[in-house]
Amino acid sequence: MAVLKAIKIEDRDGEILFRCPRCGMVFRSAKAYTRHVNKAHGHLFRK
């Protein structure tokens, strides 16, 4: 099974952001990142 691990980036305020390795979109929360991966890249995980 394929896994898309988020690239963690620290911004200038010290907040951790999540970047999608497949398309480069940036998210503030892990929940938003997970939702994006399931909706936009979910076809990679389904048969």
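Sequential numbering from 1, following the chain as shown.
The backbone N, Cα and C atoms fix where each Cβ goes, glycine too.
Computed from a predicted structure; not experimentally measured.
For Cys20, Cys23, His36, His41, the entry in Swiss-Prot reads Zn(2+) binding site, with the evidence type a large-scale study or a structure entry. Non-local neighbourhood of His36 (Zn(2+) binding site): Cys20, Met25, Phe27, each in the same chain, at least six residues away, with C-beta under 8 Å from its C-beta. A helical conformation is recorded for His36 (Zn(2+) binding site) in the three-state DSSP classification.
Marked as zinc finger by Swiss-Prot on the basis of sequence analysis: 18-41. For the zinc finger (18-41), residue counts in helix, strand and coil come to 11 helix, 4 strand, 9 coil, using DSSP.
Same-chain neighbours of the Zn(2+) site beyond Cys20, Cys23, His36, His41, judged by a C-beta within 8 angstroms of the site's C-beta center, are, in sequence order, Leu4, Arg22, Met25, Tyr33, Val37, Ala40. The most densely surrounded of the binding-site residues Cys20, Cys23 is Cys20 (count of other Cβ atoms within 10 A of its Cβ).
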